[in-house]
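According to TrEMBL, the protein carries these features:
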type	residues	note
BINDING	His65, His105, Glu141	Zn(2+) 1 binding site
BINDING	Glu141, Asp175, His210, Glu255	Zn(2+) 2 binding site
BINDING	His178, Asp223, His225	Zn(2+) 3 binding site
DOMAIN	20-273	domain 'Xylose isomerase-like TIM barrel'
Amino acid sequence: MKIGCHISVAKGLEKAAMQAVHLGAESFQVFTKNPRGLKPKKIDHKDANKGVEIMTKHGITLVCHTPYITNLSTPKEDLQEVTIRSIAEDLHIAEAYGAVGAVVHCGKHVGEGEEYGTKRMVETLDLILEQYNGPVKLLLENTAGQGTELGLTIRALVAIREATKYPEKIGYCFDTCHAFAAGQWDEESFDKLLEDMEQTGYLDHLVCIHFNDSKVPYGSRKDRHEKIGKGEIGSDALAKFLRSEKLQHLPVVLETPVDDEQEYAEEMVYIRDLKG
Ligand SMILES: [Zn+2]
Ligand SMILES: [Zn+2]
């Protein structure tokens, strides 16, 4: 497992990669652009190349995250168009950054119903992926099921990937906090979750783990991250997750709340201890 954390890329990829080395991260995640906006971004290739050089030298794996405010299932034509343009651009940014994947949140059906939302999400994914033929995978992240969010279960995510025209361009990112809040796993049901991942073929396309504890209880369908061992999932369940033989090849990225990225250095030490 490559244990790492989310790092700010506000000062460029080179600085972010240096920070990853400084914190002792073996993997890290950055936003492709401002997470609350969709403003197009010019890629600074010189900076990107320097960042990639540092990552290569230290064997660090990078994952990118696309902005939150896109909606793959939106019924609105104009928002769909913006979503397509923005995520296609994110894939190119992620490629320049040398990332293995770009994480995207599943759509919200905003009252149109699950069936419509899923169909629309597949349609939007096709329109994005027909524009991109590079090595970066678009990673569907499971959701907590807040509001009208789609994509809570392993089976739903697999069905979406398989319904697109380009499944080979799609992978998965599994968020431990979202899955717990969506009632998909806890300490007792962890083996069942792994079994589901294997049987559905999900595990073959799993590219990244978001490793977070949850502030809110099992099945509460709210997305509230907590520091590892301080939340409702708890250190026993999270240790079990870390020790699973089937997940050892994956980057495991913390998105837990911190005031300062320096706190991640300690949290990563804690996780490595927990893993044993
Ligand atoms: Zn996440
Ligand atoms: Zn979250």
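Using N, Cα and C of the backbone, Cβ positions are placed for all residues, glycine too.
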Near Glu255 (Zn(2+) 2 binding site), which residues of its own chain have a C-beta under 8 A away, given they sit six or more steps off in sequence?
Cys5, His6, Gln29, Asp175, Cys177, His210, Phe211, Asn212, His225
Please list, in sequence order, those binding-site residues from His65, His105, Asp175 with the Cβ less than 6 Å from ligand 1.
Asp175
What binding-site residues among His105, His210, Asp223 have a C-beta sitting less than 6 Å from any atom of ligand 2?
Asp223
Chain-mates of His65, His105, Glu141 with C-beta within 8 Å of site centroid, Zn(2+) 1
Thr66, Tyr68, Val103, Val104, Leu139, Cys173, Asp175
Within 10 angstroms of the C-beta of Glu141 (Zn(2+) 1 binding site), the count of other C-beta atoms across all shown chains comes to 19
Remaining residues near the recorded Zn(2+) 2 site, that is with C-beta within 8 Å of the centroid of the site residues Glu141, Asp175, His210, Glu255:
Val103, Asn142, Cys173, Phe174, Thr176, Cys177, His178, Ile209, Phe211, Asn212, Val253
